[in-house]
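All remarks here apply to the structure that follows.
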Amino acid sequence: MARITEELVRKRAEHNECEIFSLEELSLHQQDLVKIEHLDRWCRDLKILYLQNNLIGKCIENVSKLKKLEYLNLALNNVEKIENLKGCESLQKLDLTVNFVGELTSIECLRSNIFLEEIYLTGNPCAQFEGYQDFVFATLPQLKRLDGHEIEKSERIKAMQVLESTREKIVKQQEIYKAKRREQKEDARKNEDKENNNEDEKYTMIYEIFTVYPLSCVQIICTRFIFYIPDENLSKEELESKKDQEFWSEQVDFTPESRTAIQNKLKENKEKTHESKFKEPKKEKHERRYFNEEGKPMNINEGKVNFKLTETDDDSAFVLDVSCYRYMDTSLIDADVQPWYVRVTMKGNLLQLSLLEEVKPDSSTAKRSQITGHLIITMPKLYPPNVPTKRPTTERFQSTNSHTVCKTSNKVPEKLELNETQSFESTLSSIARDSPNKTKTKQQLFVKPKTKVEPVNSADFVDDPDVPPLV
């Protein structure tokens, strides 16, 4: 049977970052636990404790130090007596559905739990006692609900008036149940001893029969006893299924012992099923081929995802656009760039593409789009095409007779801009004034400039320095 360990508690405390000292809620259901232990030392701040569908029997123990415990669920266990809950000062709800509580007077220990408002005892032997509800109503005055039933004031008053007589009835019924319970325990012990003795006597008797009688008589003799020799035609699995059928078809009382046996049988079958899965030969998976017989990479798209492989405008790099799932975590994507191929793995599905030119893996980059979720892989080529850093300007020539005019096409065009500081009318007038037609005809371009002719002085001219020059 399982026990409460620190590893188990930490595993169940994932919502609290595996910290158990500050744990307030703990669920240990369906763990085949037979005893409550260690929780009063490890988890002092527990407020909610789920222990349903286990094998916790006899009594409730090791929870009295949980001062902050508000809800204790012990449904579907083997509890026979309510005790050791006085220390749970904050207890508000107690669930003991489908247990074996036959000592109803044990609920008197809950009088000190002043905050207890709700209790469930459905499916227990004590719930069949005459005067069961009246006794609980009168014994626990702080209680508000019993088995989901709202307790009214009139019901409580009537129950308190007949408390003494009701308690006497309950005690008599308890004694009858205790006697029956002792008989059940004795029968369970005898059956267990009988099964153990039968297993020992079985092989001894068969061995003695084989040494005395021939094989033909052995089967006749064994049919007169409980023991028998299995048919050689039955396989091991068929024999086990036959035993299981006999176990489940056997009629027994619903007791803690029978419930424990059922749980053990279920656990045994589960372990056998688990072992058989590992014993089965594993199916060989289809070997994944990345390269062909010549050693060249193959194009593979296992996930059938959409992709687009293009080149940049200057043909210096390859760009791969993979349509990943938008909400898929990036940690599930693995990208690998090699000189002659690129490989992308998403959730185990492979996308591999061969490249026509060799690329630089160290200079490659992979980015995830935050809008579309696509994966963009840029792979620079190892030998990009030769592109000049600055292209020569194209020129246009026009000729006239013996002269040639050169006009460049890289002339920056003049742009018309509006000055915000001036009004629209003043801007238009300045454009009209400052923008004369400066184009010249071909004849004007090649006309020689006129030379300046100096004036000739007369013979009787006298240069007098006192006379100012003429303007």
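Including glycine, each Cβ sits where the backbone N, Cα and C put it.
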Which listed span TrEMBL calls region 'Disordered', if the choices are 150-195, 288-333, 426-471: 426-471
Average pLDDT across the domain 'Dynein axonemal assembly factor 11-like CS' (262-381), rounded to a whole number: 84
Cβ-Cβ under 8 Å with the compositional bias 'Acidic residues' (461-471): same-chain residues at least 6 beyond its ends: none
